[in-house]
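Heads up: the structure comes next, in structure tokens.
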Amino acid sequence: MYINYLKDLISFKSVTPKSDGAIEYINDLLKQHGFKTEIKIFGDSKSEQVTNLYAVFGSNEPNICFVGHVDVVLEGNHELWHNASPFKVSQQDGKIYGRGAVDMKGAIACFLAASLDFIKNNTDFKGSISFLLTSDEEGKAKHGTKEMLQYIYDQGYKINFAIVGEPTCEKEIGDAIKIGRRGSVNFKLNIEGLSGHVAYPHKANNPLPCLIIILNELTNIKLDEGTEFFQRSNLEVTNIEVSNNTSNVIPASTEASFNIRFNNLHSAETLAKQVEEIIKQHCKEYKVDYKLEYSSSAESFIQNPSDKIKEFAKVVEHTLKIKPEFSTSGGTSDARFVKNYCPLVEFGLLSETAHKINEYTKISDLQKLYDVYYNFLMEIL
């Protein structure tokens, strides 16, 4: 059934933060199979409204919750997709093409099938199975999983263990389980000089040499050596702007943006202080003014492998005959919100085609993921 569920889910044009009916489809399906469901819409305005779902079968502990998102990134040029439509499934050579196939409608489809089959085959299991789904993970992630978790806990629900269905595997299903994530902090630096004619540099103060020196130092600084579970923190320049289209004018100002992906040796605040010390030193030397702004969407985190995390890893190994590696690579995810409530793993399909034109998953990979999810429910419940 996971193939049918996936095809149905891909057909919804759920570009973040819209559900486009995807969450309602899942809600109806789960309700038909005895789940207690609730849809909540959060958001400050109509354009920011986010659809969220919590559905639970059973009332006993442990509550095993699948956490995911139905929203997808923009599809790009339709003409480059199979069938010229990213929301019309194309099935070829054992693969299913469509936006969201791996990120992450495929994982949702597999856990839907696994949980419904498990409930059908095990009428007296000891715990609960639940879903927490949102339509806002790829975007601002402001009114999605974070807000929904707070809501369900206020209602008296408790999650004992979560599976976040992000596409975590690298080369084959089962090679990686994420137990943490790097943090992310964005910087915007504005340097104010004094404009003038290029023939009279002594009557101006060009902000660009200062910016070049600063960016050179920042991009060459070694923030750390990495840790057991984390790679080195890295800084990447993402944009440089100079509002000057005239070749004989020294610009008055310049602006640069950069991002740091950091491990658990840092926080956004400590990195901001380190960055500003470098900026302050060079701006003083060049006698220019600066303004530095920064914002962080996620701090880094790492979990000590709990008993349930270890059990999940054993299920992966026994099911797929591959020993998974505990990993923290990749970008940010909603796991950063879930970890405040319960232990978790992130485990899903291959990440290779996520967000790309002709995103696809192999049907054989869907079967493997289904098997892991089903076997874990059998083991834990």
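Heads up, the Cβ atoms here are built off N, Cα and C, so glycines get one too.
Swiss-Prot annotations:
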type: ACT_SITE; residues: Asp71; note: active site
type: ACT_SITE; residues: Glu137; note: active site, proton acceptor
type: BINDING; residues: His69, Asp103, Glu166; note: Zn(2+) 1 binding site
type: BINDING; residues: Asp103, Glu138, His355; note: Zn(2+) 2 binding site
Legend entry - Rounded Cα separation (Å) that holds between Asp71 (active site) and the residue listed as 'active site, proton acceptor': 7
Legend entry - Listed in sequence order, residues not in Asp103, Glu138, His355 with Cβ within 8 Å of the centre of the Zn(2+) 2 site Cβ atoms: Val72, Val73, Gly100, Met104, Ala354
Legend entry - Site of maximum Cβ density within 10 Å, from recorded positions Asp71, Asp103, Glu137, Glu138, Glu166: Asp71
Inset, instruction - Name the one residue among Glu137, Glu138, His355 whose Cα is closest in three-dimensional space to that of Asp103 (Zn(2+) 1 binding site); these are the recorded positions. - result: His355
Inset, instruction - For the recorded Zn(2+) 1 site formed by His69, Asp103, Glu166, name the remaining residues of the chain with Cβ within 8 Å of the site's Cβ center, in chain order. - result: Gly68, Met104, Ala107, Glu137, Glu138, Gly165, Pro167, Ser333, Gly348, Ala354
